[in-house]
Amino acid sequence: MATAGGSETCSHGSSLDSSLLLPTKEPNWEAIPESESEKLCIDDMLDVYCGEFGSWQLRHFVLTSLAWALEAFHTMVMIFADQEPGWRCVEGSGSRCDEKAESVCGLEPGSWEWEGGPGSSTVAQWGLVCRDKYKVGLVQALFFAGCMIGAGVFGHLSDSSLGRKGSLKTVCILNAIFGCLTSIAPDYFTYLLLRFLTGFSTGGVGLCSFVLATEPVGPTKRGVAGMSTFYFFSTGIALLSGIAYIFPTWRALYVASSVPSILFLFLVIPFISESPRWYLVRGKINKAMKIMQAIAKSNGNNLPEGVILALDDEANDASIDNQSSSKEAVSGSIVDVIRSPVTCIRLFLAIGISFTCSVVYYGLSLNVVNLETNIHLSVLLNAVAEMPAFTITAVLLDRFGRKPLAIGTQWFSAIFCLTGCVVGSVRMWEVIKMGCGVLGIFGMAGTYNLLFIYTAELFPTVVRNAALGSATQAAQMGAILAPFVVVLGGVLPFLVFGICGLVGGMLAYYLPETLNKPLYDTMRGIEEGEADWRIT
């Protein structure tokens, strides 16, 4: 609303006189008097002046989202590195070795050997079979446990001291170090420790990349942009299958899957900008405005003199003194999320949905691996099969909203999981059961993709990564549980996955819709904004 002393607004219909000229020299936006400024929140500035998704945002989005491929490398490398290779009887073993045996557990030591030699996988390297087979699952569980811890730690650091870009740089450095060290692990327990540490750093890659990639995007384009990040994850899995084919030994594979993190640090990170939203909430208005000015210029637009960024609550509060040469940093933590009646219930619902979704997604991924082909082709086909789900949900996201899709995709998956539970396991029924599993993954892949953008929109900037980190931690707990559900065998895995899908859809029913709502900056802003939405 325009006032006598200036113009302050946070409505999407705001506009300024187009005759205002760009400054001839770099201004000090923090020193602009209130009487000469118009304060806009970031969403409105993107909408009115800078452009919601132009060439600047496209370049920034693609470069930042490449980190998802790195996460895929470090997460899915265990499929190849920890696989149980084939075996064969050694020449001259005679009756001591029976090639028709289902496993090597009952064979005499020395009568058989691993195909590809002991360096083909960690299983062959340290004999993780028979009584020690549980150690393979333990590595996987501890990796996801590390992810769970890392998501919380780096979620907090990216909201506070390190920022989005600083946190992303840190986790990539750690991933490169731990990944390369894993390749020279001398024994199983060192390998176990290094995989846990790799999980710790990997847990922060996806959430830091996602928030950094989507925060400079305007509100009407943010949903589709956020949904598109998972293409990079699936592409990473597909590329990994090719890398594993080229590097068949597990030690070489860990080096090959870690080198891209080093390349990302030197070739990509320097060309990525920090989030203007993080700068704004940390009180660094000049740095935030420089980025907004760069966005407008790159997109072929003009950012008039006198227009200045403000937090969403400041943009609606005429009592804020804008003449101060500096702004006090605004911060928040997960404790603030729990204390607020608006965000508390959202947090627990997001945690519950993330947990159930992860159990189904990772469980079905492990349960549908028998495509009667080699492991490299199987992983490639699984990665490609997820992409149509991403496309469909991205297309429907802004038409039907986040909430209906979150409910629908989970219940879609649940229906086919429960169907797979009741069908038989002979002849053609096996094909039907496999089809149910594939369609279950199809539905839950869409949910998994949607949850990141939905969760990010449910919380303000000051606590967004902390809340997203908590939801990611819950997802990692589900990932830890998923292998144990698969071990149950029979109809029980499908039954558990179906129930989880139904429960997740029911929890999503109680979340608010975020379609075309502003992306709030502060706890005060979201509380006041949601109150206004309820009134209207």
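Note: Cβ is positioned from N, Cα and C throughout, glycine not excepted.
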Which range of 1-21, 22-42, 85-105 is region 'Disordered', per TrEMBL: 1-21
Per TrEMBL record, range annotated transmembrane segment [choices 45-65, 192-212, 297-317, 318-338]: 192-212
Paired segments the transmembrane segment (438-459) and the transmembrane segment (347-369) in contact, 3+ CB pairs under 8 A: yes
Stretch-averaged pLDDT - the domain 'Major facilitator superfamily (MFS) profile' (60-516): 84
Selection from 137-155, 192-212, 224-247, 404-426, the stretch that has most Cβ pairs under 8 A to the transmembrane segment (375-397): 224-247
Contacting positions for the transmembrane segment (224-247) when only residues 6+ beyond its ends and CB under 8 Å are counted: 53, 57, 61, 65-73, 76-77, 80, 206, 209-210, 213-214, 217, 253, 255-257, 376-377, 379-380, 382-384, 386-387, 390, 393-394, 397-398, 445, 448-450, 452-453, 456
